[in-house]
Amino acid sequence: MACREPPSSHTCGCIRPSQNFLRLEGCPAQAERGVWQTPELLVEIETAWSLSGYLLVCFSTGYFIHDTADIVVSGQARASWEYLVHHVMAMGAFFSGIFWSKFVGGGVLTLLVEVSNIFLTIRMMMKINNAQDHLLYRINKYVNLVMYFLFRLAPQAYLTYFFLRYAGQRTLGTFLLGILLMLDIMILIYFSRLLRSDFCPDRVPSQQHKDKFLTE
């Protein structure tokens with residue numbers, strides 16, 4: 001089993017320390033490559049398809065299955081329930097791309113969040129090493145805001161706008177809209193935690209400062 005953070009620790013984007021290097025190694029580049037090679041993925045979210053995008057969705061689904069099993073087998077399901085909820089929703093959405101070859105573009109767009117995770121990981125590592133007063137940390141927290149908006153909030157808002165057309169229908173798109181709206185809530189909660197931790201630290205309880213690196 002991979003080493004994990006203390007049970008009470010949560011990250012800003014549902015990324016645990018044991019995951020980071022596996023996902024950051026290829027996902028951001030592959031997501032950007034998929035969009036670059038097949039720009040139709042940005043517009044024809046339901047019907048556009050590319051081999052690189054499809055393989056990326058398959059890889060990410062496999063990762064979520066592995067990490068979910070890892071959490072359950074290691075007995076950390078209760079402490080890591082946020083991750084389990086996130087993983088189950090992500091797998092439910094990605095299966096539509098794998099088995100029905102639909103909404104592959106939506107899957108690739110959601111995986112653009114991995115670009116933001118690069119800077120969240122830098123933040124996490126510096127917090128672990130108590131380097132919050134370092135110049136790089138102060139620069140990175142502003143970069144985090146920009147990346148969070150560009151690669152999390154903006155794509156999520158675009159996808160939500162796209163999937164609203166399926167509201168009221170009994171289709172796969174309606175099912176994915178439900179998942180997307182729940183993910184919207186999670187992402188906004190994580191964003192508020194990030195803002196509170198880095199820009200309003202006085203409002204974060206002292207116990208959280210002591211026990212959590214990336215609660216916010």
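Cβ coordinates are placed from backbone N, Cα and C, and glycine is handled just like the others.
Note: TrEMBL annotation is automatic and uncurated.
The domain 'TLC' annotation in TrEMBL covers 1-203.
Residues annotated as transmembrane segment in TrEMBL: 106-125 (among others).
The transmembrane segment annotation in TrEMBL covers 145-164 (among others).
Look at TrEMBL and you will find 170-191 (among others) tagged as transmembrane segment. Distant neighbours of the transmembrane segment (170-191): 11-14, 46, 82, 85-86, 89, 92-93, 96, 100, 102-103, 106, 110, 148, 152-153, 156, 159-160, 163-164, 216; these residues of the same chain sit at least 6 beyond its ends, with a Cβ under 8 Å from one of its Cβ atoms.
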Per-region confidence, the domain 'TLC' (1-203) (mean pLDDT, whole number) | 84
